[in-house]
Structures are given as structure tokens and as C-alpha cells.
Amino acid sequence: MMKGRSLSAEDRARLETAIGYQFAEKERLDRALTHSSARNARASNYQRLEFLGDRVLGLCVAELLFQTFLDANEGELSVRLNQLVSAESCARVADELSLHEYIRTGSDVKKITGKHMMNVRADVVESLIAAIYLDGGLEAARRFVLRHWTDRAASADGARRDAKTELQEWAHAKFGAAPRYRTDDRSGPDHDPRFTVTVEVDGIAPETGTDRSKRGAEQIAAMRLLEREGVWQKRSAGN
């Protein structure tokens, strides 16, 4: 992270090469990488871009899934979509692009740790998608999304059924009890909330999940429990 300072021309050029897009208006890229903690960032941080980028990403991935999985029903497509646009998935894209090296932050950067740091990385990816969309249009944004999500969408992990349904059936068969979900935390602005949910099954340790929706967090918690117990094969780091 770059505390307080803006992107240099060299930094900007290197990042544009990494993301595969050259900005006509360079300030769009700067804003996409400016955390709200940065000095004088009140009117120029990435939060508004993040709001738009979330929608552009969802549209592009939904279109990709619709065109790829012709026999999938709405429920399966929704499960795939939730997995692919989750904070964890977006944060992995940020890591692949080393975006953390370019985020402009303020003096309280040390407070950004753990899950919040994952959310920051995910938010920056969404704001970057919005910046590309505003600068070059939907097709430019779609090319970026397809470059980083096509392989993820095609992975075997995407074919899994609904994690909550799977956990419900497994828990009943193994323990004779239903899973219980508890919302532990809700954070973030109204337009981009983060929910942390714990799932408990009698007889085994609980698991937690964090996502932009309560249902998404429940799905992630259920998925983690299924993976931990060996019911599902754990996802590879690239998916």
C-alpha cells in the first residue's frame, strides 16, 4: 500500500500493463485505488466506484454463466454466481494483480487487517472494474472480467449444488440434526454491507462465512464446513 502518495507515472504504466487496459482518463485509475482513509479522499475515494463495479461484475459474470451452462437452472446459476462474485473470489483477483501494492491509504492503514483487508482488496477490484467501464465502456469491462473469471467459472467447483441444501441433508443423515445459522456481525455502508454468519451442527465445530449478503455468508459458512469435514473436496487456491 502507498500511504498518502498518489500513483507515479511509472506505477500507473506498470499497473495498466498488468490489468490489460490503458486509461484515457488516468484519474479514474487513481480514484479506483484510493481508500477512504487517504487524506482529502472524502470526495474522491473508491466507494462510489465500488458500488457501480459490483453491478457491472455481476452482469458480466451472470452473462458468462448463462452462455456457458446452457442446461443449468436458475438455482444452480445463482449458486455459481454467488461463489464467483464473492469477496474471497474478488480478493484473489486483486492478489493476482498485486493491487495491494498500489492502494492509496491514510494514517489508519494499520487498522486494516484480517477480514477487513480481504474486503478492501475485493472492493478495489470492483472499483477498478467500474473505472474501466466508465473509461472504456461495457465491452472493455467485460474483457477484463472474462480474462479473470472465465477459468473460475469453468472450474469443477462451480458445479456443486447449493451448500446449505447439501449441509442440511448431510447433517440430518450423520447427526439427526439440522444446521443452525447465526448472524454475528453486519458492517460496511448500506450500499455495500458485509455479513458474518456462523453455522453450527451438533457434534462438530462451527464454521463462519463473510459475504455481501446474509444468504451468501450462510452459503460460504456451509461450504467451509462441508470442505472441512471432507464431504466436499476443498477448492484449489486459484478458484
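Glycine is no exception: its Cβ is also placed from the backbone N, Cα and C atoms.
Annotated features in Swiss-Prot:
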type: ACT_SITE; residues: Asp54; note: active site
type: ACT_SITE; residues: Glu126; note: active site
type: BINDING; residues: Glu50, Asp123, Glu126; note: Mg(2+) binding site
type: DOMAIN; residues: 12-137; note: domain 'RNase III'
type: DOMAIN; residues: 162-231; note: domain 'DRBM'
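Asp54 (active site) is 8 Å away from Asp123 (Mg(2+) binding site) when you measure Cα to Cα.
Looking just at the domain 'DRBM' (162-231), the mean pLDDT is 91. Fewest other C-beta atoms within 10 Å: among the recorded positions Glu50, Asp123, Glu126, that description fits Glu50.
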